[in-house]
Amino acid sequence: MFTVASLLDAFRKLNPFTLWRNPVMLIVEAGAVFTTVLAVVEPSLFAWAIVAWLWLTVLFANLAEAVAEGRGKAQAATLRAAKRDTMARLRSGTTVAATELQQGDVVVVAAGEIIPGDGDVIEGIASVDESAITGESAPVIRESGGDRSAVTGGTKVLSDEIVVKITQKPGESFVDRMIALVEGADRQKTPNEIALNILLAALTIIFLVATITMQPFAIHAKAENPGIADSLALTGDGVSGIVLVSLLVCLIPTTIGALLSAIGIAGMDRLVQRNVLAMSGRAVEAAGDVSTLLLDKTGTITLGNRQAAAFVPAEGVTEHELAEAAQLSSLADETPEGRSIVVFAKESYGLRERELRGAAWVPFTAQTRMSGVDVDGRRIRKGAATAVMAWVGAPDEAVGRVVDGISASGGTPLVVAEKDRVLGVVHLKDVVKQGMRERFDEMRRMGIRTVMITGDNPLTAKTIAEEAGVDDFLAEATPEDKLALIKKEQEGGRLVAMTGDGTNDAPALAQSDVGVAMNTGTSAAKEAGNMVDLDSNPTKLIEIVEIGKQLLITRGALTTFSIANDIAKYFAIIPAMFAAVYPGLDALNIMRLGSPQSAILAAVVFNALVIVALIPLALRGVRYRPSSASKLLSRNLGLYGLGGIIAPFAGIKLIDLLIGGLL
Amino acid sequence: MGWIFILSLIVALGLVYRPLGDHMYRCYSGAKHTAVERGVYRLLGVRPDTEQRWGGYARALLAFSVVSVLFVYGMQRLQDKLLLSLGFDAVPDHIAWNTAISFVTNTNWQAYSGESTMGHLTQMAALAVQNFVSASAGMAVAIALVRGFARRGSDTIGNFWVDLVRGTLRILLPIAFVGALVLVAGGVVQNFTGPHSVETLVGGTQNLTGGPVAGQEVIKELGTNGGGFYNTNSAHPFENATAWTNWFEIFLILLIPICLTRTFGRMVGQVRQGHAILAVMSTLAIASVVLTNVFELAGDATVPQAVGAAMEGKDVRFGVANSATFAAATTLTSTGAVNSFHDSYTPFGGMMTLVNMMLGEVAPGGVGAGLYGMLILAVITVFVAGLMVGRTPEYLGKKIGAREIKLASLYFLVTPLLVLTGTAVAMGNAEGVKAMLNDGPHGFSEILYAFTSASNNNGSAFGGVTVNTPWYDVALGLCMVLGRFLPIIFVLALAGSLAAQKPVPESAGTLPTHRPQFVGLVVGVTVVLVALTFLPALALGPIAEGLL
C-alpha cells in the first residue's frame, strides 16, 4: 500500500502552499517548525523526540493522501495507454491527427483501427473492443441509430467499418475526463467536506485559544508557588513552547484532518473499482442522500424479457398439443419471447428442438402482429389475441376470457392457432431477477423509496411491482412523465437517482440528483448524467448509493473518533504540566504515566500513530450494512465514539511503558 | 428536605409545562393584535403585519438595544436630577455604561450596590423595564430561530417588534403581576420608602432601604435577569424572605426556559422534538443540581470540615441544600441572582456553578437564549451524528450544510473565546490581577468566574474580585455586549438560512432526533465540548483547589 512514490509524495506535500488547503495539518506543520527552532536553541532528547514526532504527524497525513491518490494514478496510467496518438481518416478523404479533430467532423474507422474520438455512429455497424476503458474483454456492438450508437475514443473497431460523427471538443474526450477524475487533478471539495472543514477549523480555533490563553494562567500559578523548582514543562515564563505545541497538536482534530481528503479520494476510487465514473465528488455525496430511486423495469428489476410461463389450452386441446404447436411456431423466432417458448416447451413437456425441412417462416410484422410457420401442410400462427382470432375467423369466447385473465394479471397472452381453430394461449410473464425483493427491503430500511419505471400498461406494471417489492411504479412512462416524476419528488425535498441510456433519457438524467448513464448509451445520455457505469449494469445504482453512504459514515466516524480521543490526552498532559505546582492534580494522571516527559511524548506519538493505523480504514471505508439510521448510529457511536474515548487511554499507556526507559 | 424541595419543583414545572408552553405558542403564532399592542406599534411607528428577513429582524433588535443602552445610561447619569433619587449622586460613567450594557444584554452583572447607588426611578424605569424587554428580546430570537426550522421556503422569520411586544405584554407582564403578589404575600417588600436607620441587636446601626422590590424581584427571576434590588441579591430578606419564597423564585427562574421547549415543539409541529430538547436540558440540569448538592453537603474543604457544614456564605433560613439548588438554578439559567455566595462554596461546588455557565447557558438557559443555544448544540450534534448514518445531516428536515455549520460554529466560538481571552488578558495584566481578593487557584477562579459570567450573560458574581474599577467595567462590559449580540446575529442568520430551505421529508434513513439516543448524544456532545474547551482553565482553578 505504501509505495516509494507515495512516500516521496508525502514529503513533497510538506510544502505549506500545498498544505494550506488543510488548515488543521498546516497548524501542525507550523508547530513542527516552531518546535524545531526551540529544539535547536535548547536541545534535549525530549525536545528532539517531540520535534521528530510532530514532523511525522504531518508526514503521515500527507502519506494518507498520497496513498489514496496513488491508487488513482495507477488507473490513470492504464487509461493513458489507451490515448495513443492516432490518425483520423475524415470522410472527405484527408487524414488529420486525432487531437486536431473538431466537433462535427465525420471520420471513417475500419476494422483494426482505433476510434480517434468520442462520437456517434452515423453509418454502419461494427463490433468494438472497449476493454481499454471498461476492462471487459468481450467486444460490444455499435451501430448507427438507436441507443447503441455512442463510441468512445481510444477503443478499437474489430470488424466492419463505421462512420462516426465526432461529438467531443478537442482535449475533452471521455478518456481525458476519466484520467483527470481518477487522478483527482481537479478535485473540488464537496459541500459536505466543506462543512466538515468549517467545523474542524472552529474546533482548531477553540483549542488554539484554549492552549494560548493557558499561558498567563500558568505563569500566575507558578508565581504563586515560588518554592517549587522549574520543571521541564513549566518555568517562571510559563509552559514551555514545546509542551504547549504538543498539547495543541494533540487536541486539534488531527486524525480526521489528516484523513479527510484521503477518505474523499478513496470514495471516488471505490466507485472506479466498480467501474463507475463519477463526474464529481458532489455526485457521490448526493448518492448517499438519495431518497428515491427510479429503476427501469427492464434490465434492472426484471431479466429484461417476457418469458413463457404457462400454456393454457383451449377446450378440446391438450396442453401437449398446444405446447407442440407453440414450439413449432417459435423454432425460427429469434425474439427472446420466441426462444423462451422453445425453452419452456422443452423444460415442461420434454419437446426437443427440431430441424424442420421445407418450412416457410412467417415473420412478425407490425401490421400482422403475429408470426408462425407453414410446414407439412400445417399452418400455425401465434400472436396478439385480436390478430390471431381475426386470422382464424371465429372468436373463441372461452379463450377470450383466458386472454383477459392473463392481461389482468399483468402477463402477456399470446394466442396460438392452427388453420381454423384456436389451440390456446401462451402466458408470457416478466421474470423478476433473483434477490431483488431483498434488495428493495434493504432500501426501505435505509429509508429509500424505490419507483419502477416501465412502458407497460398499469396492470402489468402493478403485478411486477408487487412481485419485485418496489414501493411504487410509473406505468406507460414517457420520457416526459419520467422528468415530471423527478421534478415532483424534488419538489418534496427528495433527492432522486436514476439510470438511463437513451437520448430520450437525457433530460431526466440531467434533472436527477444522481444520474447514472450506461456506457452503452448514447453520448447525449452520458453527457447529461453525472456518473457513467462502464459495465452498463443498472442494478449498480444500489451499490452507488451504498458507497455514497459509506463515504459520509467514514467521515463522521473518524471525526467522532478524533474528538473522543482528546479526553485521554488531557488526562495525560494536564497533570504532566501542572502536577509540579499543584501536586493534587496528579490525581488526574489516572493512566499512571511514568514521567511528565514520557506522558507528553506518549500522547504525541499516539496521536501520530493513530493516523497511520487508520489509513486503511479511511481508504476502505467503514463497514456499512444497510439498516435504519438509529441502528447505524448506535453501532458507529459505540465503535468510534466509545472506542475513541477508550483506545487512547490504552494506547498512550502502552507507549509510555515502551518509551519510559528511554527518556 | 432537599429532595422534597427539588422534586416539588419538578412537579410544579410539570404542571405548568403544557398550559404555558401552549400559551406562548399562541402568543407568537396568532395574527391578531390587541388594542394596546396596536397603540404601541403606532407609537413605535412599525407595521406589525409586515414580516422581516433575518437582516431586518437583527437590525431592529440591535437598534432597539442601542437605544435601550443609551436610555439606561442616561437615566443613571442624570439620576440626581430626577425624581425618587433618594439623594444618590449620578452614577459614575464607567459603572453606568457597564450597568446599562449589563441590563440590556439580560446579564445583570452588578458592578454597583443597588441600595446605595440607584434611586427608585432608575431601578424602575431603567433597570426593571430592561428586565422585561431584554428577556422578551431573547425570547424573540429563540422564536425566530424556531420559525426558521418550522417554515418552508420562506425568506422572512417574523417581525421583531411584534415578538418583542407580545413577549412582554402577553407573557412576562401577566406572570410577573401574579408572581409579585405571591412574593408580597411571602414577605417581600413593595413600597417607596427611603433608607431607615435601624439599631441592630449588637448595638450597631444599619441602613435599611425599602422600595418597589417585589415587582422587580419577580421579573428578575422570571426573565432570568438576576439584577437584585439589593447588593446581596436574593440573600436579602426583603428580596427573598423565606424558604418557600426561595422555592418560588427558583420556580420562576426555570419557568419560561423550560416551557419554551413545548412552544418549540408546537411550532415545528412535533411536540416530541420539544420533549427531546427538554430531556437534554433536564438531564444536564438535574445532574448539575445533584452534583452541586452532593459537593456542598459533603463539605469537602477545610473550613466546612472544621465547622461541620459548608455554611459560610449561606443563609440559615435556606440551609446548604436549598442554597446549592438555587446556585445551580441561577447559573444553569442565565439568571445570576444569588441567595448565597458562590465564592464560599466548596471548590467542586463552586466549580459546578462555573461549569453550568460554561455549558453555554443551555440547561435550560436564559429565557429564549437557552433554547437557541441548545438548538445550536443540537445542530452541531446532528452534523456529526448525521454523517454517521450516511446522509447529509439534517435537523427537523432542514439540511445542515456549509452555511448552517459555519453559523453554528461561529455561535459556539464566541463565548469560549471571550471567556478565555478575557481571563487571560486579566491574568496577564496588573489591573486585572490586583483586583483579586484571594491568591492561589481560588483567586484565579474568581477572575475566571467573572469573565464566564459576563460572557455568558449570566451576571452572577463569584465575589472576591473588586470589579467596580474602570478596567473591569470596560472589559466585562465588552464581554457582555459581544457575548450577547454576536451569537444573536449568528442565530438570526441561521434562522434566515433555515427558513429559506424546503424541508427534506423524514424517512427510515433520517436520524431520529426525538429518541433517548439523540438526547444522550446532545448531552454527550455538550459536556465533551465544554470539557475540552475549559479543562485547562478549570484544572488551574477549582480542580487544583479541590485536589490540593
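Glycine is no exception: its Cβ is also placed from the backbone N, Cα and C atoms.
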TrEMBL annotation, ATP site containing A:ASP333, A:GLU337, A:PHE364, A:THR365, A:ALA366, A:GLN367, A:THR368, A:ARG369, A:MET370, A:SER371 - matching residue among A:LYS346, A:LYS382: A:LYS382
Binding-site residues: A:ALA366, A:MET370 - member with fewest neighbouring CB atoms within 10 Å: A:ALA366
The transmembrane segment (A:45-64) and the transmembrane segment (A:194-219) contact flag, 3+ Cβ pairs under 8 angstroms: no
A:ASP333 (ATP binding site): tally of other CB atoms within 10 A of its CB: 20
Alpha-carbon spacing, A:ASP501 (Mg(2+) binding site) to A:PHE364 (ATP binding site), which is rounded to whole Å: 27
Leading contact stretch, A:239-265, A:597-619, A:639-662 vs the transmembrane segment (A:194-219) - CB distance under 8 Å: A:239-265
Same-chain residue ranges lying at least 6 outside the transmembrane segment (A:20-39) that approach it to Cβ under 8 Å: 14, 47-48, 50-51, 54-55, 57-58, 61-62, 197, 200-201, 204, 208, 240-242, 245-246, 248-249, 252-254, 256-258, 260-261
Composition by DSSP (helix, strand, coil) of residues within the domain 'P-type ATPase A' (A:92-183): 20 helix, 31 strand, 41 coil
In the chain carrying A:PHE364 (ATP binding site), residues 6 or more apart in sequence that have Cβ under 8 angstroms from it: A:ASP333, A:THR335, A:MET370, A:SER371, A:GLY383
Chain-internal residues near A:ASP505 (Mg(2+) binding site), provided their CB is under 8 angstroms and they sit 6+ positions away: A:PRO479, A:LYS482, A:ALA517, A:GLY521, A:ALA525, A:ALA528
Coarse DSSP state, helix versus strand versus coil, of A:ASP505 (Mg(2+) binding site): helix
Chain-internal residues, separated by at least six, CB under 8 A from A:THR368 (ATP binding site): A:VAL362, A:GLY383, A:ALA387
Taken over the domain 'P-type ATPase A' (A:92-183), the model's mean pLDDT: 83
Diameter of the ATP binding set by C-alpha atoms, the set being A:ASP333, A:GLU337, A:PHE364, A:THR365, A:ALA366, A:GLN367, A:THR368, A:ARG369, A:MET370, A:SER371, A:LYS382, in angstrom: 19
